[in-house]
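Below: one structure, written as structure tokens.
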Amino acid sequence: MSSSILFRVRPILFSVLMLGAGHNLFFVLLPVRLKQSGVDESMIGFAMSLFAVGNILAGLWASRIVIRVGHVRAFVTTSATLSSIAIAHSYLDDVWVTALLRLLAGFCLYASLIILESWLSVLCDRRTRGRIFGLSQICFSLGFGTAPLFLNVAGGYDVRIFGIVSVLLSFALVAMSMTRLPAPEIPASACVMSLRRLWACSPEGMITGFCAGLVGAASISLVSLYAFEKGLVGIWLAIVLGSYQLGVLVTQLPSGWLADRFDKGAVAIGLMLLGMLGNALIVLDAYYSLPQIALVALFILSGGAGAALFPLAVTQVFDRIGAGEALPATATLKVLLGVGGILGPLIAGFLMHRYGVVALYCFIVAVHAAALLLLLVRSYRSIRRETGLQPQLRDRRHGGGPSLSGLQSGADS
């Protein structure tokens, strides 16, 4: 990968880093703020869940903003709104107002990411797309993972940290406002890409993207319950809670490198196998206790396998569409991610209530296995279709098939 492409996309990568940091600080601060205000856990969960609803709405409607004002102004609008929401949270602690702001924040954050990812896609080609999107995911994860360090700067859960969130989001806004990058082609239609069209372009990308939503949301939302049940403390607890994002640092660049050189469907199959193995061993730990360091390594491995899925899904789709379809395709993938983000915690939470906390990782194994089966079926059908066409083409080259003159004479008779 040449340094020129990295130099060109650095404003986008920097903005993704800032968005990741601001995103995590919202999740860290708001539940504690509401709890200190006397709000019960069920209402806190309701308020926080509206973020995923905003994600889906962004997938459906973000392209309308881009068509109306263009990519730069659309990004400035959504980032500035996020920055304003951060300041509003420092003054408002009513649970219903917080829920409304989480809905708006979910829309603005995902709209910003949709704009940046579609922009990133048209600046890359097939040879570099996997690694560039891998770097983008690493930047988001670095921002997400290092954001809690600001708690030490402020001396704990201080409302002034919302001001830091606003500053970080403003940095992203400034970086993209001053960029000289060519803006992507504005789509002719504000509609998201239909699921049928997305399936026709890349069924593998669609399967991988939905799996990423199911696995990612369940892991991030419910891993703390598993860690609490296991009695993890100290540094081991911190690593396990951040394992989904820490795993990105282990798996993202290798998977992006492989995706740029080999079939992306095969890379997706490999990630599914890795996720199945890692999570199955976590389930095994519930019955045959593993050393704590080995358990933490498994969390990082399984988290990395899940976190690498969505960037791979995006590259699978973008390899098979035109530049004008980048924004609608990204929007539809975000909708799939959001739907998976709602269903994953709901299903996993129900299973954990019925069968215990280890059911979370049984669910994740089952999701990986189902996606793996679908990918293998698609791969098998693709191979059969290609091998079925080869004899026909060979016959035509060697005169084995019927000639046009023969068909014509047969028709005349």
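Quick reminder: no glycine exception, Cβ is built from N, Cα and C everywhere.
Unlike curated records, TrEMBL annotations are generated automatically.
Under the heading transmembrane segment, TrEMBL lists 12-32, 44-62, 74-92, 98-120, 132-151, 157-176, 206-228, 234-253, 265-287, 293-314, 335-352, 358-377. Residues annotated as domain 'Major facilitator superfamily (MFS) profile' in TrEMBL: 197-413. Among the features that TrEMBL reports, region 'Disordered' is placed at 391-413. Feature annotation from TrEMBL assigns compositional bias 'Low complexity' to 404-413.
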Any contact, the transmembrane segment (44-62) to the transmembrane segment (98-120), with at least 3 Cβ pairs under 8 A: yes
Leading contact stretch, 12-32, 265-287, 293-314, 335-352, 358-377 vs the transmembrane segment (157-176) - CB distance under 8 Å: 12-32
Chain residues in Cβ proximity to the transmembrane segment (12-32) (below 8 Å; excluding those fewer than six residues from its ends, i.e. six or more beyond): 44, 47-48, 75, 79, 82, 86, 89, 98, 102, 105, 109, 112-113, 116, 119-120, 123, 135-136, 139-148, 150-151, 157, 161-162, 164-165, 168-169, 171-172, 175-176, 179, 181
Leading contact stretch, 74-92, 98-120, 265-287, 335-352 vs the transmembrane segment (293-314) - CB distance under 8 Å: 265-287
Interface-richest range of 74-92, 206-228, 265-287 toward the transmembrane segment (358-377), CB pairs under 8 Å: 265-287
Winner by Cβ pairs under 8 Å against the transmembrane segment (74-92), considering only 98-120, 132-151, 206-228, 265-287: 98-120
Feature contact check the transmembrane segment (98-120) with the transmembrane segment (206-228), CB under 8 Å, 3 or more pairs: no
Distant-in-sequence neighbours of the transmembrane segment (335-352), which means Cβ under 8 A and at least six residues beyond its ends: 49, 52-53, 55-56, 58-60, 110, 192, 206, 209-218, 221-222, 225, 310, 359-360, 362-364, 367
Predicted model, mean pLDDT over the domain 'Major facilitator superfamily (MFS) profile' (197-413): 76
